[in-house]
Amino acid sequence: MVHHNITIALDGMIRDLGPEEASQVSKDDERKGNVTYGIDDTPPWYLCIFMALQHYLTMIGAIVAIPFILCPALCMQETDPDRSNIISTMIFVTGLITWLQCTFGCRLPIVQGGTISFLVPTLAILGLPAWKCPNEETLAAMTDEERRQVWTSRMCELSGAIAVSALFQLFCYFGIIGSILRFVTPLTIAPTVALVGLTLFDHAAEAASQQWGIAAGTFTLLTIFSQCMGEVKIPTVAYKKGSGCGVSWFPLFKLFPVLLTIAIMWTVCGILTVTDVFPAGHPARTDLKVNIIQDAPWFRVPYPGQWGVPTVSVAGVLGMLAGVLACTVESISYYPTTARMCGAPPPPLHAINRGLGTEGLGTMLAGLWGSGNGTNTFGENVGAIGVTKVGSRRVVQWAAALMVLQGVVGKLGAVFIIIPQPIVGGLFCVMFGMISAFGLSALQYVNLNSSRNLYIIGFSLFFPLVLTRWMSAHSGRISTGLEALDAVLQVLLSTSILVGGVIGCLLDNLIPGTDEERGLEAWAQEMSLEAAGVSEHGDTYDFPVGMSYIRRWKWTTYLPFMPTYEAGKFSALFKRKKDS
């Protein structure tokens, strides 16, 4: 093959590119041909606002889904106004960590926020005898202050467990992920992520069964809007400078399928409420929890320890560590996918280290703030980049600002609490299914004609469901003589994502199989850790400030989270010192 030099203009100067640089330019052009705005592009500010609103509306559905499962497990009343404060706290922390991640973390346009992955260990912890809710008669006899004490004590236990377990991800700043990345294979990712959705089917069934007609209408409309009408555009009046008002075609169903579904079904519930088709107290009535909006403050700034001082227990920390590990595995698979969608080079090892470390920092802050959850990369927003072809990190930074603003306006958070429960159940049926499907999509890299792989997949998916279901029904059967150890084993064995991930990882790394059969060759191409990340603006994964100093200092090449990090240099230096 004959390679030709290419001449380009750079900062007002003309220079010749060699064959390797020319090839890199060709790859950059190929990536950017698939997106409207690339990762380093800056759209006009007025477009940024609307694009940021799209990201905000995409993530809000996943955020508000969490308290619908978390709050009942905390023994909170359905009409407790603090439910809206928990949502506001989640959104506030999401905004802070999203901005930090986009600006100084992995530098990819991803949204970091509350995750379903932490609900699995949370429910296992709250299922321990010490934290199970009192019976309804006992709760009904309590005063408001006593009832508040019941759920805040459980929230403090979760807060401490989440904050301490996040230390594992914080260590990723220092390169721990580089040494274990070879063990995180597609057959580890598939059961870990898939079980997040599969384990929560009981909660989807419980919410949807309160009015199956409304729930069925919800997932039917969502299916029609998102899968059948994605390419349908509606005419809208738009103003263009120089040409005045005109008609443009807007992809409404592609951009807002969830919002449209909620709005329509909420309206249906409102009509059935006004006409008294639903009797008083029915879970599908729209006036059931209106007092939450009335009681919520207009402005409230969330702060660390707002529910009390976090408490720490060994069982809680080890249980939450399962959620941290699941999020780590999930994010590792999201990073290269996001980079490809927004026209960026594959993330190098230092960007992955920094991204996972920043995610750990976000989880720690989420715990200390009292959100009752951790942080993880939102798959919904990764999908939004693929749909809208807008991969600019500036857009997500604007979205983070919107989240912080919404987090301090209390009544906005309260609005989402009053969504009728059957609508939420219908959304759960789709959302949890999509999470499971994303986990199973990792199997595209492995040979599914291999009986070895089929054995690992089947056992790592099925056995955790069997074990955790049995543990839930027999919570007192473990008796080692040490109460603390009993609690630890109860939580660990009740956490399906941990059991499935460990089984998948062990079997895939112990049972003989070729690299091609295990999908390691295809996965290695997806995770191009040595990518330089260069674009015409400099390095895509550089810090926005201070790079002139960082490149001047030699010691930064030894730090695994620095953009100048050279993998293997630290170990080579240590070996030279040892030999001398």
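Any Cβ shown, glycine's included, is placed from N, Cα and C.
These numbers come from a predicted model, not from an experiment.
According to TrEMBL, the transmembrane segment annotation covers 53-75 (among others).
According to TrEMBL, the transmembrane segment annotation covers 87-110 (among others).
Taken from TrEMBL, the feature transmembrane segment covers 116-134 (among others). For the transmembrane segment (116-134), the residues of the chain that approach it from at least six positions outside its boundaries are 62, 65-66, 69-70, 73-75, 150, 154, 157-158, 161-162, 195-197, 199-200, 315-316, 319-323, 326-327, 330, 372-374, 376, 431-432, 435, 468, 472, 475-476, 487, 490-491, 494-498, judged by C-beta separation under 8 angstroms.
If you look up TrEMBL, you'll see 155-177 (among others) marked as transmembrane segment.
With a cut-off of 8 Å between Cβ atoms, the residues of this chain six or more beyond the transmembrane segment (213-232) that come close are 207, 251-254, 257-258, 260-262, 264-265, 268-269, 284, 387, 420, 422-423, 425-427, 429-430. The transmembrane segment annotation in TrEMBL covers 213-232 (among others).
Under the heading transmembrane segment, TrEMBL lists 252-275 (among others).
Listed by sequence, the residues of this chain that lie at least six past the ends of the transmembrane segment (398-419) yet keep a Cβ under 8 A from its Cβ atoms are 48-49, 51-53, 55-56, 59-60, 64, 67, 81, 83-85, 87-96, 98-99, 102, 111, 262, 266, 286, 288-290, 292-293, 295-302. Per TrEMBL, transmembrane segment is recorded for 398-419 (among others).
Look at TrEMBL and you will find 425-446 (among others) tagged as transmembrane segment.
Taken from TrEMBL, the feature transmembrane segment covers 453-471 (among others).
Positions annotated as transmembrane segment by TrEMBL: 491-511 (among others).
Nonlocal intrachain contacts for the transmembrane segment (453-471), taken as residues 6+ away from its ends with a CB within less than 8 angstroms of a stretch CB, comprise 124, 187, 190-191, 194-195, 198-199, 443, 446-447, 490, 493-497, 499-501, 503-504, 507-508, 511, 513, 517-518. Residues 39, 59-60, 63-64, 66-67, 300-302, 306, 334-335, 338-339, 342, 344, 347, 351-352, 354-355, 357-359, 361-362, 365-366, 369-371, 373, 375, 377-378, 381-382, 385, 391-393, 395-397, 399-410, 412-414, 416-417, 540-544 of the same chain lie 6 or more positions beyond the ends of the transmembrane segment (87-110) yet place their CB under 8 Å from a CB of it.
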